[in-house]
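According to TrEMBL, the feature domain 'ABC transporter' maps to 13-256. The transmembrane segment feature in TrEMBL is assigned to 354-375, 387-409, 429-455, 467-487, 493-517, 583-603.
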Amino acid sequence: MSTISFHKVGFYVKMRDRKGSKKCCGEVISKPILSDVSGIFRPGMNAILGPTGSGKTTLLDVLSDRIDKSGVTGKVLANGVMRSKNFKLTTGYVVQDDVVMGTLTVRESISFSANLRLPGSTTPEEKKKKVNEVIEELGLVKCADSKIGTELIRGISGGERKRVSIGMELIISPSIIFLDEPTTGLDASTANSVMSLLHGLSSKGQTVIFSIHQPRYAIFKYFDTLSLLGSGRTIYHGPANQALDYFEGIAGFRCEDHNNPPDFFMDVITEGTSLLLKAEKQKQQNNNKNSHVVVIELDNIERDQGLQRFKDPGLDPNSQQKQLKLVYPTSPLVQTMYVCARTLKNLIRNPQTFALQIMISIFFAVIVGVIYLQLGDKFDSAIQNRMGAFLFIVMNQVFSNMSVVELFIRERHIFIHESASGYYRVSSYFFSKVLCDIIPMRVLPVTIFSPICYFMIGLQPSADKFFIFYLTLFLTSMAGASVGIMISSSVSVLTVANLIIVLIYVLMMLFGGLLVNLETMADWLSWLQYLSIVRFSMNALSINELKGLVLKKTINGTEITIRGIGEEFLQNQGIKYETDWDFWQNIMALTIMIIAFLILAYVQLRRMKKLK
């Protein structure tokens, strides 16, 4: 059995006060979200009740250790001792909006949690048995092999989705489970069914802590402990069945017989918060021993030596409380493997984006091939047509990566929840997503695109030059995708991300060297060329094709051979081509840009987890 106690907990966020400050940007102030909140939650049904904006979810996040600690004050204890670093990994947390992968089945979702969160010593048979037990306990047997559902795929009901979210947490047999408004979005019957399920778990000795807005009486009867919040402060904390007597005794608030107690509490908190706080303060000054307010109940918490210790590492006071890092139950390789498997399964069951990417690659390869069909060694407009084709090809490879912007935005809430719950390390998730995006969405399209357009255009018929052409396009596509991945991990709104990445791509095109002569550009702008994917890609393609290009022209019926025109164009454009390094430095630049953008994306992903 496990107990969570908290004493004078506060949470403050920093914001700028533009109204009360003479400074142009406003003065930085600390706004209280929670103030001196105290209480104790023991095994059973523990409800945090309050109106919108009262701090329910914030308190839940503070207790579950899933919030920025820099703004937290006060003390939170697990079984009478400070929480260890592994506390989050040994407790369950169900968020308000179900964050589950819609293309997976119920069994696959719970199995995913089991494979990553159960100890590595657990055999596959034991994991399968545990998954089946959870499915049976939650009443999900009939829909165990049904997909959860997406906007395009019909799935299970809202109540069943909520049970799946609960099941993914129960798989580790947590002593404490936190739930953020578990009845939100559910009809009355389904909400009652979910709360009845939680009540059954609490009767087995689990500590169930949840926030809830305004439940009906049938749900209120399940509550053992009630914590009422108003404007970030404790209005009442104690046995749920004694709350009505408390309000009548402290300030004369009486609930009518026909009124629902939670509705009554909301009315009292909304209209009489200041009066209640004043009355409670006066009552404490008079040393009234019968008060059920939390401060009275917490007087003996730190002196209580009889709290039973739980065996979970995150709750055991003899475990490594001062360890410097989290101890995951599975290795990085195992985590990467299972996240990769889930990502590929999701791609296979939702193939629209992949199929569209392939079709677009074929379409544009044919289009550019038809427009510049068989240039060969013809002299007329040879250079102009080749450079036009290269610009079209490069911009196609860059802009075709727009879909990568969704990579981290679409699953942002899933990542934040799962990483906070200890499913996987940030690095495992990052490498899995990047790897599973690169192969089907970047490598295959460019592999299809390259030979079609190369041989239709009729570029130099050399195996070496073709493979260099393919390598350049692959790196160009990867560099463009890396920019998109960086934006995806930095911005949470897809529309904003699309605008930003289009702006970046257009700027790269302007500084690519073909539309504007970089040699004549102003010094304060010319440095941007070194950040342009288009510039390095165009340089590599131009050197590869134009160096050593031999053209033929017929004059008065006589065919003559023309050499050096390609080199002359390169020289006029300020592109160095004499040595092998002049070419390979462009390839190296693209490679460095890929690595740099991916590193920035990873840093942003870690920052996202830390902020959330």
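Each Cβ is built from the backbone N, Cα and C atoms, and glycine gets one as well.
If you look at the transmembrane segment (493-517) against the transmembrane segment (429-455), you find fewer than three C-beta pairs under 8 angstroms, all six or more positions apart, and that falls short of contact. Counted over residue pairs separated by six or more positions, the transmembrane segment (467-487) shares at least 3 Cβ pairs under 8 angstroms with the transmembrane segment (387-409), which defines the two as touching. Here the domain 'ABC transporter' (13-256) returns a mean pLDDT of 89 for the predicted model.
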